[in-house]
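*Asks:* Following this message is one structure expressed as structure tokens.
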Amino acid sequence: MDNLEKQLICPICLEMFTKPVVILPCQHNLCRKCANDVFQAANPYLPTRSGSLTSGGRFRCPSCRHEVVLDRHGVYGLQRNLLVENIIDMFKQESSSSSGPTQERKEETPMCDVHEDEKINIYCVTHAVPTCSMCKVFGAHKDCEVAPLGTVYETKRSELSDGIAMMVGNNDRIQGIISQLDEACRVIEENGRRQKTKVCEKFDHLYSVLEEKKRQMSQKVTAEQEEKVNYIQGLTKNYGDHLEESCKIVERGIQTMEETEMALFLQNVRDLLKKIEDASSMAHLDKVERGYEKMDHYKVDFRRERKALSNLNFIPDDDDENEEGGDGEAGEGARTVPGGAAVSAPPAQPNAPQQINPSLSPTRSTPST
């Protein structure tokens, strides 16, 4: 029975399924309310009308991370799992009949640190801590605002549940960004290889005269490729670290949700909610501008140089004395080859403006390795 009960627990609220739905196509189950919470967290900007969805959306199954695409009906368009509902009804009936007249185990309530004989039974709203009645009447909380322990327990438990659902949605978005970054790395490497191949094909027609230039231009493409890949990989690591930290917080939140003792729960939930709030923000994580992976600005045109090389020929004897002067006139931008033709060195390809916000990568001149 215990193993069966574990199979009937929702992975979000950690309670037995309520109106379970089938998450197509992975066939995992969620409470309809929990599925709707995860869906809304994954689609915070989806337009709504009178509280109902007006268009479809998508989210990831919390059990297997499979992406679920919904139609305009949203979560309410998913089929109910009647088999699971019937199993839950049978399980509840079997559990109630097998329990018999056995008395329920009375859970131990923690005692007040100040009044050792008094149980913690109220909650100090002013100081946000659970306390006992004696502390309210005679102790440090006599001037504070208090509330019933059960009321605060339900409120904080609801806040934690909402926070977990929000973190699950954030983790889905981070996973999507990581996938996009991986794809950006692949495209950058592919574009870099393509551009280096084109550069090498051009230089093959210029033979040894342009070998040094070919090496320099190839290195330039490779340098930017490595710089961009290193930058993207750095972002991937940052998002991965944030995702790992978020998963730890979610795991801790789920463990805290299993705490049934209200006082112990409230003693731990405040710090956890603060961590969830901090981890939910991704403002400190950079985002890659559109088109950052492009390498199209590395273009070469050797028509002028090819034309000059095609005109190379032997020089007349009377022009030998002018050969040295011709070298001076050619200057740094030209070379004299056998035949007397001055071949201009290919002009340096100007750097195209980088299509990324400098504020997102302030150390682009010296990329981290």
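Each residue's number is its place along the chain shown, starting with 1.
The backbone N, Cα and C atoms fix where each Cβ goes, glycine too.
Please treat TrEMBL annotations as automatic predictions, because they have not gone through curation.
Copied straight from TrEMBL:
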type	residues	note
COMPBIAS	316-330	compositional bias 'Acidic residues'
COMPBIAS	333-369	compositional bias 'Low complexity'
DOMAIN	10-65	domain 'RING-type'
DOMAIN	107-149	domain 'B box-type'
DOMAIN	257-315	domain 'COS'
REGION	313-369	region 'Disordered'
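Help me picture these features in the structure, burial and contacts included.
*Replies:* Long-range contacts of the domain 'B box-type' (107-149) within the same chain: residues 260-264, 266-267, 270, each at least 6 residues beyond the stretch ends and with a Cβ under 8 Å from a Cβ of the stretch.
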*Asks:* If you run through the domain 'B box-type' (107-149) with DSSP, how many residues end up as helix, strand and coil?
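*Replies:* For that range the per-state counts are 6 helix, 11 strand, 26 coil.
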